[in-house]
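Student: I'd like to ask you about the structure that follows.
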């Protein structure tokens with residue numbers, strides 16, 4: 001929320017602000033909690049990336065984890081500065097990330113291997129350019145919702161064709177974190193005026209970031225399991241320190 005405090009970044013130019021007073025803790029960070037709440041997502045994406053590289057998963061999963069990190073960093077820039085240009089550094093990676101999910105979900109049944117990644121690359125680049133030049137406010141939201149909806153039937157198909165109980169729990173945790181994060185986002189958005197009169201702000205939008213960091217990690221891990229199963233890599237769900245799930249594979253010696 002804009003409270004008129006001067007800052008390093010100047011006046012707010014972003015089209016969206018969340019329910020957090022600006023520049024309370026630093027003149028360099030507009031929305032402090034909404035900024036630092038992206039750190040768990042970056043750490044989780046880094047863990048996923050290291051696991052993908054260590055076990056030599058397909059490069060698509062490395063790019064997916066890196067896209068999660070890029071989105072979290074872009075989101076940090078946006079909430080730290082509340083500048084229009086950095087709002088795009090949050091919104092554009094959201095679309096790029098969903099395009100990667102679509103590729104991973106649909107590419108196994110796509111017969112022309114080079115056409116899909118080529119189309120997605122140029123489509124993502126074109127969107128980024130147009131969004132930067134024009135600023136697709138409502139168009140961005142509708143476009144992003146459409147991309148999300150396109151992922152749902154394929155995710156459901158992967159779920160019903162997965163027999164491993166632990167892998168199914170990855171999908172269930174994906175849904176749980178999505179629902180919890182959505183509730184936090186909704187409450188923060190709808191009851192902001194009421195929270196502004198309280199001495200304590202529950203920071204619903206920051207909690208949304210934390211839940212979505214876990215949400216992306218569970219989604220990525222589930223998709224890694226499904227893809228490893230398709231390739232005959234005998235995947236199993238193991239856990240770091242008995243808590244954080246990851247996919248452990250056993251590739252045939254010929255691979």
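Using N, Cα and C of the backbone, Cβ positions are placed for all residues, glycine too.
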Student: What range among 208-226, 227-245 does TrEMBL record as transmembrane segment?
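Tutor: The listed stretch tagged transmembrane segment in TrEMBL is 208-226.
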Student: Quick check on the annotations: TrEMBL lists transmembrane segment for one of 63-82, 143-162. Which range is it?
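Tutor: When 63-82, 143-162 are checked in TrEMBL, transmembrane segment belongs to 63-82.
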Student: According to TrEMBL, which listed range is transmembrane segment: 32-51, 92-111?
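Tutor: In TrEMBL, residues 32-51 carry the label transmembrane segment.
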Student: Measuring Cα to Cα, how far is residue 79 (Zn(2+) binding site) from residue 22 (Ca(2+) binding site) in Å?
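Tutor: Rounded to a whole number, the Cα-Cα distance is 10 Å.
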Student: Within 10 Å of the Cβ of residue 22 (Ca(2+) binding site), how many other Cβ atoms can you find? Include all protein chains, please.
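Tutor: Result for residue 22 (Ca(2+) binding site): 21 neighbouring Cβ atoms inside 10 Å.
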Student: Sort out the sequence-distant neighbours of residue 205 (Zn(2+) binding site) for me: same chain, 6+ apart, CB within less than 8 Å of its CB, listed by position.
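Tutor: Counting only residues 6 or more apart in sequence, the Cβ neighbours of residue 205 (Zn(2+) binding site) under 8 Å are 18, 19, 20, 34, 37, 184, 185, 188, 189.
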Student: Determine, to the nearest whole angstrom, how far the Cα atom of residue 22 (Ca(2+) binding site) is from the Cα atom of residue 209 (Zn(2+) binding site).
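Tutor: Residue 22 (Ca(2+) binding site) and residue 209 (Zn(2+) binding site) have their Cα atoms 18 Å apart.
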